[in-house]
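Everything on this sheet refers to the single structure shown next.
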Amino acid sequence: MAVSVRCCFGSSSLSHHARLLLVIVALLAPRLASGCDRCVRRSRAAYYTSSLTLTAGSCGYGTAAATFNGGGFLAAAGPALYRGGVGCGACYQVRCKDKKLCSNAGARVVVTDRARTNRTGLVLSSPAFAAMARPGMAASLTELAAVDVEYKRVPCEYRHRSLSVRVDERSRGPNELTISFLYQGGQTDIVAVDVAQVGSSSWKFMTREHGPSWSMANAPPGPLQMRLVVTGGYDGKWVWADREVLPRRWRAGEVYDTGVQITDIAQEGCFPCDTHEWK
């Protein structure tokens with residue numbers, strides 16, 4: 001396994017000018033305010049009675065969502081968190097504000113769907129909603145249709161998994177390639193993806209289709225290596241998977257291990273900043 005992380009802003013970092021502009025715009029906003037990696041925000045949260053709704057969510061994770069975050073603590077996010085699909089896979093700590101019913105720690109959830117309501121900012125799976133309760137109060141909490149909550153983005157942790165790539169069923173090899181990223185750690189967004197044949201320095205960029213899905217119509221022949229630009233701190237960083245990620249004859253529907261994991265934390269702009277762990 002070979003992993004290297006480098007600052008992305010150099011003369012040869014991004015060959016495509018439009019992508020470079022996109023990265024700069026995405027990374028410039030946090031510089032305009034005090035940096036914080038634990039911005040606490042307020043909203044309301046409801047819950048789905050069936051978690052199947054979230055595993056079949058608009059992020060497109062399918063059955064893989066059942067393996068995220070312990071397999072059940074999932075959420076659908078409103079527009080501010082969903083961000084047109086860019087927010088797919090992000091992790092949040094959510095707690096309700098009724099201290100009689102709810103614990104201080106709350107529940108940690110991962111976004112797998114878009115909330116189809118404007119009444120709440122989050123719709124949790126029923127296990128996640130119940131997990132916000134104090135001991136013995138879960139039944140009372142779930143009797144409520146929705147509750148006031150506060151939440152903050154937190155790093156996703158997949159201790160026993162690397163960042164993985166699933167080749168979408170729509171891919172038509174060897175040139176038409178669509179992939180989705182699974183088990184993305186850290187507290188970042190992937191803002192650019194390049195692929196190249198292993199051993200080659202001729203990188204080609206992929207285009208974001210939606211959320212964790214990226215595609216290209218002119219994929220180089222395999223085996224393929226990858227490099228990503230992720231937000232981290234106030235900057236962007238290259239994450240290199242300079243090994244065989246996709247084999248020469250990759251197959252649609254298969255999941256491949258990149259051999260790397262993301263641990264960076266991107267800064268947000270907010271005040272005050274919550275630096276305390278919710279316990």
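Yeah, the Cβs are placed from backbone N, Cα and C, and that goes for glycine too.
Note that the structure is a prediction, hence the values are computed from the model and not measured.
Here's what Swiss-Prot has on this protein:
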- 56-161: domain 'Expansin-like EG45' (DOMAIN)
- 175-258: domain 'Expansin-like CBD' (DOMAIN)
- N118: N-linked glycosylation site (CARBOHYD)
- 1-35: signal peptide (SIGNAL)
For the domain 'Expansin-like CBD' (175-258), what are the DSSP-based totals of helix, strand and coil residues?
0 helix, 52 strand, 32 coil
Let me check the 10 A CB neighbour count of N118 (N-linked glycosylation site). How many other CB atoms are there?
8
Residue distribution over DSSP helix, strand and coil in the domain 'Expansin-like EG45' (56-161):
28 helix, 33 strand, 45 coil
